[in-house]
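**Q** Starting off with a structure, shown below.
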Amino acid sequence: MIPSIPIDKNEMLKYYKPIAIDTHKGIQGHALIIGGSYGKIGAVCLSSKAALKAGCGLVTAFVPRCGYEIVQIAIPEVMVLTDVKKKCISNISFDIQPDAIGIGPGIGQDELTQKTFLKFLKNNKAPLVIDADALNILSKNKAWFLLLPSRSILTPHPKELERLIGEWNSEEEKFEKTISFSMQYHVVVVMKGAPTHIIDGQTIYKNTTGNPALATAGSGDVLTGIITSLLAQGYEPLQAAILGVYLHGLTADIAVPKTGFQSFVASDIIDHLGAAFLSLE
Ligand SMILES: NC(=O)C1=CN([C@@H]2O[C@H](COP(=O)(O)OP(=O)(O)OC[C@H]3O[C@@H](n4cnc5c(N)ncnc54)[C@H](O)[C@@H]3O)[C@@H](O)[C@H]2O)[C@@H](O)CC1
Ligand SMILES: Nc1ncnc2c1ncn2[C@@H]1O[C@H](COP(=O)(O)OP(=O)(O)O)[C@@H](O)[C@H]1O
Ligand SMILES: [Mg+2]
């Protein structure tokens, strides 16, 4: 047994900050979600909507041109910026100042996308959540890890983790390698799975919420949106990762008695975020 700290309601109540009575959208956090490619704009819709529903004041999505109408129609509350290219992201450029950026859902691995991702990392100062193909691009270009802001949050599923740290022969070895990785690059690693563990240097946190209903397309894209939102609202990276993973899992625990396991989809996570937050009040 690997010693870990349970992520449960008691732990959450240490971190959770209720919304201030006099807040307004301008100080409630602005999250930017960068992602999407032809056929995978849905990933950005899920992340962006989740970011809003996790409490951000403002959310902007940066997508290829083919995603413009899709995001505007799917989620009118989200602002949209578009790349010059139609089907993939080729030039990440914006004149807003987001409080946190989530990058990767549905972004693909086109050569142009890889190039602009490098340029983005060289210039970026905002706190980051890195997911999906942005992780896969980093795995292919390991020198780029050094460009990540300290305390960036990485959210790999097991296959993405293997691409990042290499194969392991036992659970112990998987944790050892992830701990070394977290310490080497000063990043928080959300090791998604059943259950999800969060690694911050030598400390391991183990989530206690969630169930197999979450084994559904887009479930990780929603998690990226939630964590980016919490980061934009001023939670410290480790707290944003822990609270995000806890709330994400809790939505499935709340929803399953109504939806069953089979018919629970990623949008149900978003729909049950309100109930998950209320359980902390
Ligand atoms: N509606 C959409 O637009 C969607 C877009 N998506 C995007 O699609 C792209 C590809 O993502 P994928 O994750 O499917 O592709 P990957 O190739 O990264 O991962 C799929 C592989 O990982 C393995 N894997 C995944 N979870 C695992 C687990 N818990 N244990 C063991 N093996 C596991 C699978 O068996 C498969 O071999 C990403 O950019 C993602 O954001 C997906 O999130 C699905 C929904
Ligand atoms: N059996 C399970 N029990 C609990 N959580 C699960 C289970 N299967 C998947 N999940 C969760 O669902 C999410 C899946 O993320 P990911 O594989 O990135 O999905 P996608 O890329 O389709 O959005 C992770 O948060 C993971 O922990
Ligand atoms: Mg994913």
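A Cβ is built for glycine as well, from the same backbone N, Cα and C atoms used for every other residue.
Remember, TrEMBL labels are computer predictions, not curated facts.
As annotated by TrEMBL, (6S)-NADPHX binding site applies to ALA43, GLY106, HIS157, ASP221. Sequence annotations record features per position, and here TrEMBL assigns AMP binding site to LYS192, GLY193, ALA194, PRO195, THR196, GLY220. Under the heading domain 'YjeF C-terminal', TrEMBL lists 8-280.
If you look at the structure here, what lies around each of the features I listed?
**A** Taken residue by residue with DSSP, ASP221 ((6S)-NADPHX binding site) is part of a helix. Summarising the environment of ASP221 ((6S)-NADPHX binding site), the number of other Cβ atoms within 10 Å of its Cβ, over all protein chains shown, is 29.
Less than 8 angstroms from the CB of GLY220 (AMP binding site) sit PRO105, ASP131, ALA132, THR155, HIS157, LYS192, each of them six or more residues away in the same chain.
As a whole-number mean, the pLDDT of the domain 'YjeF C-terminal' (8-280) in this prediction is 98.
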**Q** Once the DSSP letters are reduced so that anything not helix or strand counts as coil, what is GLY106 ((6S)-NADPHX binding site)?
**A** coil
**Q** Please list, in sequence order, the residues in the chain of GLY106 ((6S)-NADPHX binding site) that are at least six apart in sequence and whose C-beta is under 8 Å away from its C-beta.
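**A** When sequence neighbours closer than 6 are ignored, GLY106 ((6S)-NADPHX binding site) has GLY35, GLY36, SER37, LYS40, ILE41, GLY42, ALA43, VAL44, ALA132, ASP133, ASP221 within Cβ distance under 8 Å.
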**Q** THR196 (AMP binding site) has how many other Cβ neighbours within 10 Å of its own Cβ?
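**A** Neighbour count, Cβ to Cβ under the 10 Å cut-off: 25.
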**Q** Which value in Å gives the longest Cα to Cα span across the AMP site residues LYS192, GLY193, ALA194, PRO195, THR196, GLY220 as recorded?
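**A** The widest Cα-Cα gap among those binding residues is 13 Å.
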**Q** Look up LYS192 (AMP binding site) in the DSSP assignment and report helix, strand or coil.
**A** coil
